[in-house]
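Asker: So that we are looking at the same thing, I have put the structure below in structure tokens.
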């Protein structure tokens with residue numbers, strides 16, 4: 001069977017969120033670059049993959065998927081379902097909770113920081129420090145909750161690695177490309193959790209993928 005195709009750009013933390021899940025699941029896939037400069041993401045061919053004209057999109061045979069966290073769940077269900085713990089109702093529920101927390105709390109606070117520090121200058125803009133500072137305060141409040149949670153268990157959903165943990169990888173790697181990575185220093189259990197994730201071959205591969213070429 002042909003490898004799955006993941007369409008997008010490695011500079012997109014939504015694409016590398018998918019890549020992390022695909023790597024951890026041991027999926028056979030390839031990244032197919034999309035040229036934003038030529039508006040390829042708005043082309044008729046790409047709109048078949050993602051009708052919103054965005055990335056990422058995943059093709060697996062005749063199946064097309066979009067939305068990064070849905071792609072991550074598909075990768076887990078197909079090749080490593082234990083990442084979702086669907087055989088245990090309570091554990092699966094906690095995985096779902098922390099997947100939602102990642103999207104609606106952690107990444108919601110981190111996204112504006114990453115955009116202001118990493119993306120805006122690339123687009124010829126400037127960094128709005130007020131936005132950065134406001135969202136750093138939001139992120140600290142989120143990290144307080146994470147710290148409390150990780151004093152009770154090794155991973156977010158329990159004492160087992162799950163997709164909930166892996167979904168944090170891409171944006172946290174981006175955080176370390178900013179001057180604000182030290183925000184984690186005040187949360188020792190969060191730092192230990194992150195260090196453990198960084199030891200995983202899947203995470204190391206995605207980290208290498210995200211590094212700019214020399």
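Start at 1 and count along the chain as shown; that gives each residue its number.
Just so it is clear, glycine is given a Cβ too, placed from its N, Cα and C backbone atoms.
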Asker: Given that Swiss-Prot annotates 41, 42, 54, 55, 67, 68 as glutathione-binding, name the residue from 12, 120 that shares the site.
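Answerer: Looking through 12, 120, the residue Swiss-Prot assigns to the glutathione site is 12.
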Asker: Quick one: give me the count of other CB atoms within 10 A of the CB of residue 12 (glutathione binding site).
Answerer: 19
Asker: Comparing the binding-site residues 41, 55, which residue's C-beta has the most other C-beta atoms within 10 angstroms in this structure?
Answerer: 55
Asker: Counting by DSSP secondary structure, give me helix, strand and coil numbers for the domain 'GST N-terminal' (2-83).
Answerer: 36 helix, 18 strand, 28 coil
